[in-house]
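> I have a structure I would like to understand better, so I am pasting it below and will then ask my questions one at a time.
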Amino acid sequence: MNSAFPTILGCLVLFSVLENLFPFFTFKQSWTSRISTNFAIGLLNAAITYLVFAALSKWVFPPIHWSGLFHGIQPHWLVGIISFLLLDIYRYGWHVLMHMSSLGWRFHRVHHTERTMNISTAYRFHFLEVICSNFPRVFLIWLFGINPVCVFIYDVAFAAIQVFQHSNWAVPLNVDKVLTYFIITPNFHRVHHSQIVKETNSNYGSVLSVWDRLFGTFRYIRHPQTIKIGLSEEPRQLNLLDLLTLPF
Ligand SMILES: [Zn+2]
């Protein structure tokens with residue numbers, strides 16, 4: 001985590017500069033309200049998740065000696081690629097679940113209430129969604145015995161692409177379109193944040209776009225400037241307390 005921090009900070013600075021120099025949507029962003037709220041909830045999520053899993057690993061999780069399904073399998077580079085794909089398809093599946101289940105949506109809609117998008121939107125999640133999303137992930141890592149280096153590489157890629165895809169950077173359309181053959185881009189993810197429900201229920205990928213293409217949830221629209229971001233039923237600008245209590 002500590003060694004990933006410079007990369008994450010670097011991405012935040014880079015995409016912050018780019019989205020301010022080359023904005024996609026032009027709107028006045030209030031650094032004292034929306035952006036600070038998103039960063040505050042992001043820090044809260046990181047702190048609570050760290051404390052919960054530190055406590056669970058110390059007092060609750062039993063010390064089961066198990067090397068994992070990948071134990072002894074070679075070549076290591078292939079196991080590394082498969083590990084990356086497993087971690088990413090898990091994120092895809094979790095995101096679909098958050099949209100398809102009424103309970104999941106109660107919490108995940110916190111993320112979708114943002115009426116603009118910028119780098120801070122990447123951190124706007126309810127802490128219960130963040131904590132719950134980590135339980136199956138920890139089990140997946142344990143079951144397959146995914147190497148901590150692979151987990152680290154995936155987590156750095158995830159953190160970087162999350163900031164990139166939520167940024168308000170106007171990536172040239174042709175470049176954005178080519179990139180969507182591999183990774184999640186800002187235009188691709190703007191469709192997911194659209195107020196139109198059938199557009200919200202598409203483009204669930206986190207790092208790689210292959211899962212949306214494979215499972216038929218890929219959607220790319222020609223004129224992303226026309227997208228209205230947010231939830232039509234939630235026009236308010238929500239503060240930190242509003243976001244924490246929204247699911248209830
Ligand atoms: Zn979503």
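Just so you know, glycine gets a Cβ as well, placed from its N, Cα and C.
These came from TrEMBL, pasted as-is:
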- 6-27: transmembrane segment (TRANSMEM)
- 39-61: transmembrane segment (TRANSMEM)
- 73-90: transmembrane segment (TRANSMEM)
- 82-217: domain 'Fatty acid hydroxylase' (DOMAIN)
- 139-164: transmembrane segment (TRANSMEM)
> For the transmembrane segment (6-27), which recorded stretch in the set 39-61, 73-90, 139-164 gives the largest number of Cβ pairs separated by under 8 Å?
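Looking at each of 39-61, 73-90, 139-164 in turn, the most contacts to the transmembrane segment (6-27) are made by 139-164.
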> Mind looking up the mean pLDDT for the domain 'Fatty acid hydroxylase' (82-217) in the predicted model?
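Here the mean pLDDT over the domain 'Fatty acid hydroxylase' (82-217) amounts to 95.
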> Quickly jot the same-chain residues contacting the transmembrane segment (39-61) by Cβ under 8 Å, restricted to those at least six beyond its ends, or write none.
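Apart from its flanks, the transmembrane segment (39-61) reaches 120, 122-127, 130-131, 134, 138, 240, 243-244.
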> How many helix, strand and coil residues does the domain 'Fatty acid hydroxylase' (82-217) contain under DSSP?
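Looking at the domain 'Fatty acid hydroxylase' (82-217) with DSSP, the answer is 95 helix, 4 strand, 37 coil.
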